[in-house]
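The structure under discussion appears below in the form of structure tokens.
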Amino acid sequence: MPPERPEFTSCALRSFGHSYRHHLPFLAFLLLLDGGMFSPSSPPTGLLEKVFQYIDLHQDEFVQTLKEWVAVESDSVQPVLRLRRELLRMMGLAAERLRLLGARVDSVDAGFQQLPDGQSLPIPPIILAELGDDPKKPTVCFYGHLDVQPARQEDGWVTDPYTLTEVDGKLYGRGTTDNKGPVLAWINAVSTFRALDEDLPVNVKFVIEGMEEAGSPALEELVQKEKAGFFSSVDYIVISDNLWISRRTPALTYGVRGNSYFMVEVKCRDQDFHSGTFGGILNEPMADLVALLGSLVDSSGRILIPGIYDHVAPVTEEEKRTYEAINLDLEEYRKSSQVKKFLFDTKEELLMHLWRYPSLSIHGIEGAFHEPGAKTVIPGRVIGKFSIRLVPHMNMSVVEKQVKQHLDYIFSKRNSSNQMTVSMTLGLHPWTANTRDNQYLAAKRAIKTVFGTEPDMIRDGSTIPIAKIFQDTIQKSVMMLPLGAVDDGEHSQNEKINRWNYIEGSKLFAAFFLEMAKLH
């Protein structure tokens, strides 16, 4: 759902040419009212104090760079040559910025994307960059992406989505939170040590791509290819491509669900029918399809496919305690989601059904009449689309078999003369991490230093395939360290990242470097 429409007033809008530091006391007060700012556990000292001061003093420059990156329409979803050129420009800007930091940068040719219509489009290069090769230091690799979802102002954006606009400390623009802001926050942390002429506490590597929103078509092959090369010295991998569970409390993510995407086609013939001529004398494909889709899930959200829950791990007492500890105001979450009522009344039940139980969602019907107005047509062929979010211990091939058997059974009961085919078009595994790994401990300490609070330990109900790819291929610790708040509206209209999250997130990454060096 889109976030609330921001109120743009003459006093709220500000020019990026004015110094933000004049507004710090007032905005700090606003953040405290909102519960969005914590006091650090103790004031930073020494090098950390210098780092934090530098980031505060140069935050306008960091925001200006984000503005320049947001201005690039790096949409990877729409297969249009103009947008691919924008993606190439975006990757070029990032590569140049890393070179200015002194990084060794390799822009790896990713080839071409073949489209169903025969068109061929270039895949933007994948950036592999590295700073430092001290064998006494840990090597931390950061993954991020610089492509974005489509955005048009006429779709409900209050401002031009490719012009970064600041309102009351919120930075609105496509890609601000997903994922240009977090990528830049990591670069800001590295550049701060460089600017202070301080040695980086860790060796740093970057993997930055431009096709994540389109399924990362070339990334897995590159990771496999570079396993014994670029990735051979990597000790830890950090991904910052998701959000907190609240507006106020930082989070660490240790798991995501997988995804199996299905299509079920019901066909009578290729052409549509006139309902006056054929209505009442044949099995209508749409009626069959609606019955099939209606058999998948009940009104309480429970999946009706026999056996689907058989391999879901039982809830342990230790796991229950993790949900109890999470700082989530259910009513606030409901309001920010613009939902009248959730299916569950407690925080624990809601989180478990978001993260550790499978869910089934129906996405759409292809071939049906959906335009405005009235058209008396019987579709001759329709395709229903749905997906199942998978959790650990669920076997993807078993799930595929269960789905097909269930739909075959439901369809057979209808005695329809139509043809039905079911196919699984996408299969992505879930991912979980060991939260006792050193980098999770380092991240917890860094969060305590910067935000003055313990993080929420969360999973994510969505699917981030690269985490599982890294874990299985490189076999090193993978951690998700999000920066954005729950109301940032990734993929939606009026996407934003709070200035506070962006700047404090830059400090968080810098503090994380220092904590990793201590633990190593």
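Backbone N, Cα and C define each Cβ position, glycine as well.
Just so it is clear, the model here is predicted, and its values are computed rather than measured.
The active site annotation in TrEMBL covers ASP147. Under 8 Å, Cβ to Cβ, and six or more positions away along its own chain, ASP147 (active site) finds SER74, ASP75, SER76, LEU87, MET90, PRO124, GLU209, GLY210, MET211, GLU212, GLU213, ALA214.
Residues annotated as active site, proton acceptor in TrEMBL: GLU212.
Here TrEMBL flags HIS145, ASP178, ASP241 as Mn(2+) 2 binding site.
The feature Mn(2+) 1 binding site is assigned by TrEMBL to ASP178, GLU213, HIS491.
According to TrEMBL, the feature domain 'Peptidase M20 dimerisation' maps to 263-410.
Around HIS274 (site 'Important for catalytic activity'), taking its Cβ as the centre, 10 other Cβ atoms fall within 10 Å, counting all chains. Look at TrEMBL and you will find HIS274 tagged as site 'Important for catalytic activity'.
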Item to check | recorded positions listed as ASP178, GLU212, GLU213, ASP241, least Cβ neighbours within 10 Å | outcome: GLU213
Checklist entry - To test your reading of the Mn(2+) 1 site: which residues beyond ASP178, GLU213, HIS491, same chain only, put their Cβ within 8 Å of the Cβ centroid of those residues? => result VAL148, GLN149, GLY175, ASN179, GLU212, GLU490
Checklist outcome for this item: CB contacts under 8 angstroms to HIS145 (Mn(2+) 2 binding site), restricted to the same chain and 6+ apart in sequence, sorted by sequence, are ASN179, VAL183, ILE208, GLU209, GLY210, MET211, GLU212, GLU213, SER216, ASP241
Next on the checklist: Roughly how many Å lie between the Cα atoms of HIS491 (Mn(2+) 1 binding site) and HIS274 (site 'Important for catalytic activity'), rounded to a whole value?
Outcome noted: 39
Checklist outcome for this item: Students should find that the Cβ of HIS491 (Mn(2+) 1 binding site) has, within 10 Å, a number of other Cβ atoms equal to 16
Next on the checklist: Could you give me three numbers for the domain 'Peptidase M20 dimerisation' (263-410), the DSSP helix, strand and coil residue counts?
Outcome noted: 54 helix, 29 strand, 65 coil
